[in-house]
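According to Swiss-Prot, the features are:
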type: COMPBIAS; residues: 34-44; note: compositional bias 'Basic and acidic residues'
type: DISULFID; residues: 73-101; note: disulfide bond
type: DISULFID; residues: 80-95; note: disulfide bond
type: DISULFID; residues: 85-102; note: disulfide bond
type: REGION; residues: 21-44; note: region 'Disordered'
type: SIGNAL; residues: 1-20; note: signal peptide
């Protein structure tokens with residue numbers, strides 16, 4: 001009997017009509033939608049323009065983006081891995097969260 005009471009309460013809660021918005025609010029949303037449709041379509045932007053603008057803004061703000069970090073890792077002679085570096089590799093830095101930059105260890109003469 002104890003298990004039945006919470007079940008009935010939840011059942012009545014989910015079956016009761018719930019009004020999230022007043023009726024007048026729906027009409028306002030429909031009007032806004034029709035106004036948005038009348039606007040001109042957005043301009044198609046080249047991907048290179050976006051990447052260039054983001055890169056310039058990021059460098060000005062001092063942020064590093066994944067492709068910049070990957071390039072730095074490769075310049076150091078490393079490669080980005082998932083998880084951890086293997087036993088025969090040396091940790092150089094991080095490419096991103098839980099992605100270390102590793103390079104092969106040099107053989108000791």
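Glycine residues also receive a Cβ, built from the backbone N, Cα and C atoms like all the rest.
Geometry remark: residue 102 (disulfide bond) versus residue 73 (disulfide bond), CA distance 8 Å. Within 10 Å of the C-beta of residue 73 (disulfide bond) we count 22 further C-beta atoms, all protein chains included. Taken residue by residue with DSSP, residue 80 (disulfide bond) is part of a strand. Around the Cβ of residue 80 (disulfide bond), the same chain contributes 70, 73, 95, 96, 99, 100, 101, each under 8 angstroms and 6 or more positions distant in sequence.
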